[in-house]
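Trainee: Annotation comment: TrEMBL describes 50-71, 91-113, 125-142, 154-178, 190-212, 233-254, 274-295, 316-334, 340-364, 385-405, 411-432 as transmembrane segment.
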Amino acid sequence: MTLKQHLKANITLALPVMLSQLGHVTMGVMDNIMIGRIGATPLAGASLANVIFNVLMLFGIGVSYAITPLIAEADGKQDKEAIVLVFRHGFLINVCLSFILIVAVMFGKSLLYKIDQPQDAVDQALPYLSIVTVSLLPILIFQSFRQFADGLSLTYLSLVVMIAANLLNIFLNYTFIYGNFGFEAMGLKGAGYATLNSRFFMAIALAVYVFYHSKLRIYRAIFAFGNYSKKTFNNLLHIGVPAGMQFIFEVAAFDFSAVMMGWLGTNTLAAHQIAINLATISYMTTSGLGAAAVIRIGNYIGKNDYKNVKASAYSLIGMALVIMLVWGFIFYLGRFWFPALYINNADVIAIAAPLLIIAGFFQLSDGMQVVCAGALRGLQDVKIPSLYIFISYWIIGLPLGYYLAFKANMGAIGIWSGLLIGLTLVALALFLRLRSLMNKRELEAV
């Protein structure tokens, strides 16, 4: 394939995922904007609740990612039976995992009282956390069908559902948070109920869409019970658990940074929540390219075509760098305007603005690492990348951020500088690992 053909294939697969991921984040952004209108304390409460919830939710999502490379590889081999088996096993793993994670959150939520956070923010966080925790079940059901469709290169299916879910979420936020259409104003709890209902809608809608889709009729056996094998469970868990740990190491690093920001005060924590929300939007645009890397590389592995494995990986990395360069400029130019969309508080906006400048700098690293991580999942290499991510964030980035913030008296800027350095190290380590592994596999295939 030519470079132009690779770029076209990348865009075809990645664009629906980008938009779908943006839709997922938009649900959180709209929650935060609408919560911010009722005050800084509810916004800080939402941030604290997400410290616990996001870590376990993203672990579950990471485990579900094992479905895509295995289905993409089976699709490359045109092995229908393997595709059905992978989905059945993956779906069962995800449903069981959702119940385990719900119990873990319910038992772990009291930790918020023990991490020296503002009492008023914790009081707001706990009821909200109890509500959104239940949404782990529909999230992982949705992920099962989404990763199945993505593995078959039908990445636009989840986009259609996500658009409808976002519209529903905005309407329910307006209804429950502020008290409209005969409902009482529930504040932050209302945002939780809106998110919960929207996620159940997502799971049901995508399952129905997959069942009736004309191109997927030959796979309707996925909706029936069948034989299960230890080997298939092991294959999924071999990829899924380390992939989930990658998410835990990365997201927990950013969540622990939120804890440290809370030590600096409620306004600082609210500013961090705003900056993280915006940085997550840019991340999700390139996460679409990471998803495309999993699919394309999985397909080429199924065809034993390692020349195009390399070509597709490098073309995706190049696209990610260009996109993130644009995001960096956007964050710099909008460093005051964007926070003002969330909250009418001059102190919070003043703290958030320099954080967005730092976020602008780490866009290139973020774009590279998400594509390299996706490419490595496509190669079914997840254990070593997990170790790289742990070392970069938890051994280097976070301790450095703590030192800069509290010993060098740099405050919020110090914490975010540590994140910048950790993220840059992750990107470099994953790129070198990917390049080495692709060269090795290409030589072995000759």
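Backbone N, Cα and C define each Cβ position, glycine as well.
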Trainee: Should the transmembrane segment (233-254) and the transmembrane segment (125-142) be scored as in contact, given a threshold of at least 3 Cβ pairs under 8 Å and pairs 6 or more apart?
Mentor: no
Trainee: Run the contact check on the transmembrane segment (190-212) against the transmembrane segment (154-178): 3 or more C-beta pairs under 8 Å, excluding pairs closer than 6 in sequence.
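Mentor: Contact confirmed: at least 3 Cβ pairs fall under 8 Å.
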Trainee: For the transmembrane segment (385-405) and the transmembrane segment (411-432), does the number of C-beta pairs under 8 Å, pairs 6 or more apart in sequence, reach 3 or more?
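Mentor: Between the transmembrane segment (411-432) and the transmembrane segment (385-405), which are separate recorded stretches, there is contact, as judged by 3 or more close Cβ pairs.
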Trainee: Mind checking which residues reach the transmembrane segment (50-71)? Cβ under 8 Å, same chain, six or more beyond either end.
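Mentor: Beyond its ends, the transmembrane segment (50-71) has Cβ neighbours at 82-83, 86-87, 90, 93-94, 97-98, 101, 104-105, 108-109, 111-112, 129, 132-133, 136, 139-140, 143-144, 146-148, 150-152, 235-241, 243-248, 251-252, 255-256, 258-259, 291, 294-295, 297-298, 377-378, 380.
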Trainee: In the same chain, who gets a Cβ under 8 Å from the transmembrane segment (91-113) while lying at least 6 residues past its ends?
Mentor: 48-49, 51-53, 56-57, 59-60, 63-64, 122, 125-126, 129-130, 133-134, 136-137, 139-141, 143-144, 222, 228, 233, 236-237, 240
Trainee: I'm a bit unsure how to read this: which one of 154-178, 340-364, 411-432 has the highest number of Cβ pairs shorter than 8 Å with the transmembrane segment (274-295)?
Mentor: 340-364
